Each structure stands twice: as structure tokens, then as C-alpha cells.
Amino acid sequence: MADGIFFWGPVTSKEWCEPNYVQSSYIAEFFNTISNIPCILLALIGLVNALRQRFEKRFSVLHISNIILALGSMTYHATLRQMQQQGDETPMVWEMLLYIYILYSPDWHYRSTMPTFLFLYGALFAIVHSQLRFGIGFKVHYALLCLLCAPRAYKYYIHTEDTLAKRLAKLYVATLLIGAACWLCDRVFCKQIQCWYFNPQGHAVWHVLMGFNSYFANTFLMYCRAQQREWNPKIKHLFGLFPYVKIQKPKTQ
């Protein structure tokens, strides 16, 4: 950055409560960018576990979608350009459509209709979103997709007896609520925060918590699906910290 000229050009997207190009001349919002790294690392742990134990491909795709979402968020916050913001928001919708499929497909009698409809919906949204600049409409749309997942996720929770598996669901809710509070405070009280000596970087904290949030959600869903397939799932911990699902498939599978 020199003479007020930004490395990525003028800001054309939504800005957050972090001064631009302070920590680096090449990254607009430094902390909001690097805070996506935990999401990528956690998704890689989940992906390796899904591949190593030969879970259904939907879970590998789910972990990969978390990585794509985090990379999209990184490019958005690093550049603060409109196209990169859409590259962050579109994968958010795709990921929620994938969650809807994983949650509801086991009881869906017409197996080909759901993935076909969700694929076409996601493709249509990507096309429309590339041409139109959504504001509050995107947030409402995304919130509705999240709410569609809630009833089924709660049903899985109440039918889960394993204490460690239920803890995953509780951690999912806890990280979601705390992260949402950080996101909201960063957005609503930005003017006051900018006057503080120390910026708590609420949006960056949201990214970190959402990385764990996605990991807890994915692991819980893998456990529930393994139960449906009668794979005798158990919750284990990598390095004593990161929960994962250990399964034992019948020899016929």
C-alpha cells in the first residue's frame, strides 16, 4: 500500500470492524483472514478420518466443502472485493444444502429427487448471486436454510444415547451461540470498539468458533449415520483433544 492505494484495489465489498491493511500491505483484514486456518485444519482431520474408515462419500464432500468455505472467506477478507465476497457466501449456501441432504436423505423415499433438486437449487443460487448483490436478503435466506436443519438435528440428538456423542451436539450449540454473539457485537458496536485500545476481533473469533462448530456438527452426523448403518460407532479423541468417530463395519460391508 502506497499513497492510499490498496494492493487489491478499492474496497467494493462489506467491511468488518478491523482496520484495513494494518498488519500487512497484502492482506486487507489480517485477523479475519488467518482466523479461517483452524477451520481448514479441523476439516482436514475430519476428511482423513472419513477416507481412512471409508465413510460414505457425502462426508468427504462435507469436509471438503468446509475447506472451500474457509478458503473463500480468506480470499474475501484478504481482498475486500465484491466478487470474493460472493465466493464466500455462495459456498455457505452450498454447505447448508449438503447438510439438509445428509440430515433428511435417510428417510427420503424418492432417492434421486432430493439430490437433484438440491443440486439445481445450488446451481441456480450461484448464477443469481453472481449477478445480484444481496444484503439482508442473503442473511435471511441463509438463516432459513439453517432453521430447516434444526428439527432433524434435534431428532438425532434425542435419539442418541451415547454421552460423548451428545456432548458433540452440545458443543455445536455452544460454539454457535458464542460465535453468533461475537459476530453481532463486532457488527453492532464497531464504532465503540474502534475507540478501544484493544480490538477483540469479534469477527475473527467467530471464524475460529465456526471452524470448531462445523467440526463438531460433522462428527456428530458421522456418528448418527454410523449408527443407522449399524457400524458400532465410538467417539475417540485424537491427541486427547479432537473427537472423531471410530467404527467397526460388519465383515459383509
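One is the number of the first residue shown, and numbering goes on along the chain from there.
Yeah, the Cβs are placed from backbone N, Cα and C, and that goes for glycine too.
Among the ranges 60-80, 81-101, the one that TrEMBL lists as transmembrane segment is 60-80. Counting every protein chain shown, the number of other Cβ atoms lying within 10 Å of the Cβ of His77 (Zn(2+) binding site) is 29. Panel annotation: around the transmembrane segment (30-48), residues 16, 18, 22-24, 59-60, 62-64, 66-67, 69-71, 73-74, 77-78, 201, 203-205, 207-208, 210-212, 214-215, 218-219, 222, 238, 242, 244 of the same chain, lying at least six beyond its termini, place a Cβ under 8 Å from a Cβ of the stretch. Shown are the binding-site residues Glu18, Glu29; the one with the most C-beta atoms within 10 angstroms of its own C-beta is Glu29. For His203 (Zn(2+) binding site), the Cβ neighbour count at a 10 Å cut-off comes to 22, with all displayed protein chains included.
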